Every structure is written in structure tokens, then in C-alpha cells.
Amino acid sequence: MINFKKLAALGLAVVMGVSVLAGCGADADSSAKADGDAKEAGTEKTSVETKHHKISVGLYTDHGRSVEAINAYLDGIDDVIDVEFNTFVLSTYDENANLTAVQNEISAGAEGIIMTADMGTEAILKECESANVYVAGFLNDYNMSFYTANEAVFGNEYFLGSVIDGPLDNKGYAEAVAADVIENGYKHVGVATFPDWAYPLQQDLANAFIAKIDEYNETAEEKIEVYEIAEVDFGTGLPATYFTDHSDMDCLFSVAAGASLVYPQMVSDNRTNIALYTTGFEATEDIENFRSSGNGTFKSICCSAPEAIAYPVCLIIDKLNGTTYSDLPAEKERVDCAAYQIISDDEMEQMKKTLYYTADYKDAAITGEDILSMCASYNPDATYEELKAKLLDLGI
Amino acid sequence: MKKGLTKDLILNHGSDVLGYGGVLLCVILFGILSQGRLFNAYNLRILIQAACVYAILSMGAIFIYSMGYMDISVGAQLGVYSIMLILISNKTGSLLLAFGAVLAISLVCGLINGYVAVMLGLPSIVTSIFLMSIFGGIQVIAMEKIGINSISIEANMDLFADVKFMIFVIAVIAIISVYLFRFTQLGEYVKSIGANETATEYAGISTTKWKVIAYIFFGICVAVAAFMLTARSGAAGKGTGTGYAMDIMVALLLGGMPLSGGMKAKISSSLIGAFTYVILSNGLTLAGVSVEVGYVIKALVFLAVILITCRKKDGVLPR
């Protein structure tokens with residue numbers, strides 16, 4: 001038995017060694033593949049003389065369609081813009097874990113860090129300042145930093161700004177959902193959001209939706225009943241009693257990851273007959289059951305384009321190259337980007353042609369060449385306002 | 001003769017070989033794969049910073065794991081203590097008072113963990129689950145009451161976040177731990193309880209008393225670790241401390257500590273394990289290994305260590 005154990009352990013150790021080497025090899029392979037992909041996609045290196053940089057991208061999760069799309073995009077642009085990207089996973093709850101992860105990236109040679117989570121930002125910026133590494137945000141409104149540590153974060157010269165996940169004011173989506181709910185005659189509507197402390201902007205969406213319904217109710221003969229807002233837990237999803245407490249619910253507006261945290265509860269409660277309007281996009285059950293497909297539960301989704309990462313990439317490249325936009329504001333900004341607001345089958349067909357859905361760089365709305373032309377380092381005529389305007393072109 | 005010596009080394013000192021060999025293997029392997037970056041001054045500094053909390057917790061936990069017990073409430077305790085430190089310090093302006101309050105609570109929790117389990121005849125893991133739930137609830141309620149995801153400390157803790165201070169704290173805790181573990185009855189009896197609790201009781205030793213003392217020492221280590229954790233990030237939140245219970249277990253295993261406890265337990269396992277654990281994560285990043293492959297490697301290392309350190313007669317898991 002002991003011999004078997006030792007042999008097994010030895011075998012595993014060998015596998016470990018091979019895996020390490022394979023892992024390193026895979027990295028090189030993927031870079032080579034990216035080169036090939038870039039060429040196939042007709043994005044061969046431009047004549048612009050670029051400087052090589054290394055940027056690490058901290059993602060809030062290690063899986064999902066969004067991550068696949070971001071990875072595909074980074075693989076597609078890296079050769080063109082001469083930036084070596086490395087992705088790593090950030091924690092959405094542990095400041096020290098994020099600090100350690102960023103320190104490891106700096107030690108591995110990162111010159112810039114793009115972060116999709118806010119936890120530990122002050123300590124991370126202190127570390128980056130001492131290591132001369134720049135930080136910018138992506139898919140992240142830095143709400144906590146913005147309101148509780150504005151000077152320490154937004155006033156820090158090593159923090160360059162952030163592009164948030166969609167528009168800062170996304171009430172248009174909430175109102176479009178409300179209009180669709182009214183048009184389709186739903187009368188018993190639930191509303192769900194993540195906790196207010198985590199995503200305060202989502203409360204604005206829920207309130208805008210309810211306000212629109214209230215406006216309709218003022219003149220409607222048959223009013224729409226809106227139930228109390230349910231709080232979606234990051235781990236366990238929608239409260240299990242929400243459907244049983246409201247047995248006549250025929251519609252739910254979940255401003256909180258409907259595909260992963262609400263739909264499973266609907267399936268287990270056999271309530272997939274409820275029309276689900278939601279945010280986020282997993283490209284799994286949400287696309288299989290969208291409107292005229294499958295059971296038709298999903299009526300709308302809303303997410304933002306992975307190409308918005310061009311904003312922090314441009315800011316970091318320029319900073320590393322020692323150049324800056326002539327119109328760059330002194331105050332660091334939280335800029336927004338247009339969202340994919342999908343409320344019809346036609347819009348879903350358009351969505352299927354985006355990088356987010358295909359995870360194929362060929363479908364990118366902002367190419368590597370576009371990024372070069374938007375960087376002040378490589379295009380003296382580039383402006384900050386043009387960069388921001390490009391982000392607003394990304395939606396459907 | 002030589003063959004016999006090798007066999008004896010593997011059979012009787014397998015865990016030592018594993019612990020020292022593991023850290024050596026990591027250092028050599030990642031030293032090569034990282035093209036020497038593992039040894040640069042910046043990296044050595046961040047390794048110590050990252051390992052500090054694990055090392056302190058592991059040195060306290062070794063007294064618990066030596067008995068064949070475990071404490072899964074450590075992460076939740078760590079989170080609540082960090083939040084308390086920040087709240088009390090921000091309110092009173094005194095870090096000393098804040099640390100004193102946390103230390104007092106940690107001692108009470110150590111008492112509960114050790115004494116209540118014996119009094120009620122429960123496995124210690126049950127009381128630690130109870131404490132984990134209590135502390136987890138307090139952590140969530142406190143942060144929801146405050147209304148934000150994370151709170152920052154107003155006091156300047158730069159001195160305590162300095163790597164020299166961290167080395168000093170690790171050294172002090174290590175000296176105390178080694179003394180208690182090797183030169184006092186506490187060390188002897190916790191190992192004895194782990195080897196055979198019934199026999200230890202029949203030998204006239206009050207196992208209850210030594211269990212409680214072991215848990216109290218662990219409590220002190222948790223309080224110190226919470227202080228260092230807060231000093232490092234300057235903030236704490238709803239999820240601070242999550243995962244530390246498992247991390248500590250993995251670190252001890254990597255250091256060659258048998259989870260079933262007993263006479264083979266060594267204090268060196270905690271330090272070696274903490275640094276191996278940190279070097280493994282750091283080295284994989286420096287070597288450019290992707291996140292997915294990194295998970296697989298960590299799992300394989302964990303499995304290999306379990307296979308080597310588990311005792312044949314007893315179960316693998318602690319009581």
C-alpha cells in the first residue's frame with residue numbers, strides 16, 4: 001500500500017512537472033496562434049513604430065462567455081499593438097488576495113494593471129505607486145472608491161480612470177423593458193437587484209422601471225402590480241421564497257445576472273412560464289430560451305462590449321510611452337460605454353455577430369489598428385474625446 | 001546498508017522529506033522557470049508579505065492539528081476581527097485599544113472552541129462550525145449596517161505593513177511556538193492527544209485543560225494575524241478572511257503535517273507550508289502559467305501530499 005502511495009505520489013509529481021512546462025508552452029503557443037489569427041483576420045502589423053509593453057488584466061471571474069470574449073480580444077490585438085497581456089483572477093471580496101495577485105503580476109514584469117474589481121484598490125495603488133506601475137479600470141464603476149476614497153484613488157497619479165459596465169445612466173434600458181412589459185400585457189411583476197451596497201446604480205434601474213410602470217398605472221384601467229424588490233445573493237441567487245410568495249407572478253425584471261442567479265430558481269420551481277427581463281449575458285440558457293427560441297422565458301438581456309477595454313489599454317499605453325492627449329482632463333474619469341440592449345429576436349440576431357457572442361477577434365468592433373490610431377503615442381492627432389466617443393458606438 | 005537508510009528515511013521521515021523537499025523543489029523549479037525573478041528583492045519582499053498571515057495562523061493552528069482536530073472558523077474570525085479593529089480604531093483613534101478588544105474576544109472564542117466541545121461531548125469541528133456561522137453572520141450584518149462593501153482604517157499602519165516588522169512578528173511567534181511545542185507540556189500533550197487521546201487520558205493527563213490552552217494560543221495567533229492582515233491592505237469587508245481555513249489546512253499539508261495529528265507533528269511544517277503555499281502561487285505567475293493550468297497543478301500537488309502524509313491506520317481527515 002505504501003509503495004502504491006509513493007508511486008502514485010511520484011506519478012503525480014511528474015504530471016505536475018509536465019503540466020508546468022506544458023502551461024508555459026501553451027502560453028507561447030497561444031501567442032503564436034494570436035499572431036496567426038491576427039494575420040488571418042487581416043490585421044497584420046501596421047507601419048506604426050510601437051513600443052513593447054506588458055499589461056496584466058485582472059478579471060472578476062475565470063469563466064463565462066464574457067471572459068472567453070475578453071481573452072479572444074486580447075489575443076487578437078496583442079501583436080498589432082505590441083502589448084503582451086496576461087490575465088489573472090481578482091477577488092470580489094478579499095482585499096489582501098487582490099493585493100497579492102497584483103504584486104505577483106508586478107513581479108512578473110507588468111507595467112500596467114487593468115482591474116475589473118474594486119476591493120483593495122487603495123493598497124494596490126500604494127503598491128503600484130512604489131513600483132511605478134499604472135492602474136486603470138474596466139467593467140468597473142469604482143463606486144466604492146469614488147465615494148469613500150476619492151482622493152486616494154481618483155486623485156492618485158497612478159490611477160488613470162475607468163470605463164464602467166455600460167452607461168452610467170442606463171435608465172433607458174429600464175424604460176424600454178417597462179414599455180415591453182406594458183405592451184405584452186403582463187400584470188404581476190417582480191423586480192430583483194443585487195444588494196444596494198454592491199451595485200447602487202442597479203437600484204436606479206429598478207426605480208426607473210417602477211416609475212415607468214407607475215406612470216402607466218395612473219391612467220390604466222387594469223393596473224400592473226409590482227411586488228417588493230427581491231435581493232439577489234451573489235452565492236445563492238434569488239430568494240427561494242420569492243416565487244412561492246407571489247404565485248401569480250407573470251413577469252420578472254432582474255437587474256442582476258438573470259441567467260446564472262435567477263433562471264436556475266425558476267427551473268427548480270417550475271416557473272419558466274414567467275417572462276424574464278434581465279441584465280448580463282451568459283450565452284447559455286439565455287440564448288437558447290430567448291423569446292421565440294426554446295421555452296421563450298428570456299425576453300431581454302443587457303451587457304456591454306468587451307472591446308471597451310480599449311479605453312484603459314489606450315490610457316496605459318500613452319502613460320507608459322510618456323505621451324498624453326491634448327484634451328485629457330485633469331480629473332480622472334469614470335466613463336461609460338454603450339450597452340447591448342437586446343429586447344427582440346432581431347436584436348439577438350445582431351448580437352450573434354458580435355465578439356461577445358462569437359469570441360472571435362474577426363468580429364471585434366474596435367480592432368488593434370483602431371487602438372493604435374486612438375493612442376496619442378502612435379497618432380498625434382488622437383483625442384480623448386474621440387476615444388470616449390468610440391465607446392459610445394459599441395452598443396446595439 | 002545505504003538502501004536500508006534510504007528506506008528508513010522515506011518511511012520514518014517521509015513528511016520531513018516532503019516538507020523540506022517540496023519547498024526546495026518549488027524554489028529550484030520556479031527559480032529556473034521565472035528566469036531568476038523569484039529571487040529578486042521585490043519578489044522576496046512580496047513573498048514575505050503574502051506569507052506573513054499564513055505563517056502566523058499556521059503556527060497557531062499546528063497546536064490544533066497536532067491533536068487531530070481542526071478549526072474552520074478561522075476565516076470568519078479573521079474577517080470580524082479585521083472589521084472590529086478598523087471600527088474601534090476609527091472611533092477611538094487607538095490601535096492598541098482596538099487590538100486589545102480583538103485579543104480579548106479571540107481568547108473567549110478559543111475557550112469556547114476548546115471547552116464547550118469537551119463539555120458537550122462534541123467533536124471540535126462542530127463548535128468551530130458554530131463559531132464560523134456566528135462570525136460569518138456578524139461580518140455580513142456589520143457590513144450591511146455600514147452600507148458599503150469595504151471599510152478603510154484611518155490610522156497610519158505603514159509601520160506594521162513594513163516587511164521588517166512582518167519578519168519580526170513571524171520570528172516572535174515562531175520562537176514562542178517552538179518553545180511551547182518542544183519544551184513545554186503543551187507541545188507534548190497535544191501530540192499525545194493526536195496520537196491516542198484515550199491513552200493520554202488514562203495516563204492521568206487532563207486532556208480538556210490542554211485542549212483549551214491549545215485553542216487559546218491559536219486564538220492569540222488569529223488576533224495577531226488579523227492585525228497584520230489589516231495593516232497590509234488597510235481595509236476589511238464582507239468577505240475578508242474567506243478561504244483562510246482551507247488555505248491553512250493546505251499550507252500545513254504542504255509543510256508535511258499529517259492531518260490526523262500525532263507525534264510526527266512539527267512546528268517547522270507551519271513555516272515551510274506557509275512559504276511553499278505562497279511560493280507555489282507566486283511561482284506559477286512568474287513562470288507564466290495560465291490560471292486554468294495553475295488550478296490543476298495546485299490540485300495535483302495537494303493530492304500528492306495527501307497520499308504521502310496520510311496515516312495508514314487512521315483516517316485522513318481530522319477529528
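FYI, residue positions are counted from 1 along the chain as it appears here.
Even glycines carry a Cβ here, placed using N, Cα and C.
Taken from TrEMBL, the feature transmembrane segment applies to B:17-34 (among others). Note on the transmembrane segment (B:17-34): residues 9-10, 254-257, 266, 268-269, 272-273, 275-276, 279-280, 282-284, 286-288, 301, 305, 308-309 of its chain, located 6 or more positions outside it, place their CB under 8 angstroms from a CB of the stretch.
According to TrEMBL, the feature transmembrane segment maps to B:46-66 (among others).
Under the heading transmembrane segment, TrEMBL lists B:72-88 (among others).
Per TrEMBL, transmembrane segment is recorded for B:95-116 (among others).
Remote same-chain residues near the transmembrane segment (B:122-142) are listed as 64, 69-73, 75-77, 79-80, 83, 87, 109, 112-114, 116, 211, 238, 240-241, 245, 318-319 (criterion: CB distance under 8 Å, separation of at least six residues from the stretch ends). The transmembrane segment annotation in TrEMBL covers B:122-142 (among others).
The transmembrane segment annotation in TrEMBL covers B:163-181 (among others).
Residues or ranges marked as transmembrane segment in TrEMBL: B:212-231 (among others). For the transmembrane segment (B:212-231), the residues of the chain that approach it from at least six positions outside its boundaries are 52-53, 56-57, 59-61, 63-64, 66-67, 71, 74, 77-78, 81-82, 85-86, 99, 102-103, 105-111, 113-115, 118, 153, 157, 160-161, 166, 169, 173, 180, 186, 190, 240-241, judged by C-beta separation under 8 angstroms.
Positions annotated as transmembrane segment by TrEMBL: B:243-263 (among others).
Here the transmembrane segment (B:283-310) has long-range neighbours at 14-15, 18, 22, 26, 29-30, 33-34, 37-38, 43, 250, 253-254, 256-260, 316, meaning same-chain residues at least 6 beyond its ends whose C-beta is under 8 angstroms from one of its own. The feature transmembrane segment is assigned by TrEMBL to B:283-310 (among others).
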Other parts of the chain folded back onto the transmembrane segment (B:95-116), taken as Cβ under 8 Å at six or more residues beyond its ends: 71, 73, 77, 81, 84-89, 122, 124, 127-128, 131, 155, 157, 208, 211-220, 222-223, 226-227
Long-range Cβ neighbours of the transmembrane segment (B:46-66) (under 8 Å; 6 or more residues past either end): 74, 78, 124, 161, 163, 166-167, 169-170, 173-174, 177, 180-181, 186-187, 190-191, 193-194, 214-215, 217-222, 224-225, 228-229, 232, 244, 247-249, 251-252, 255, 257, 259, 261-262, 265-267, 269-271, 273-275, 277-279, 281-282, 318
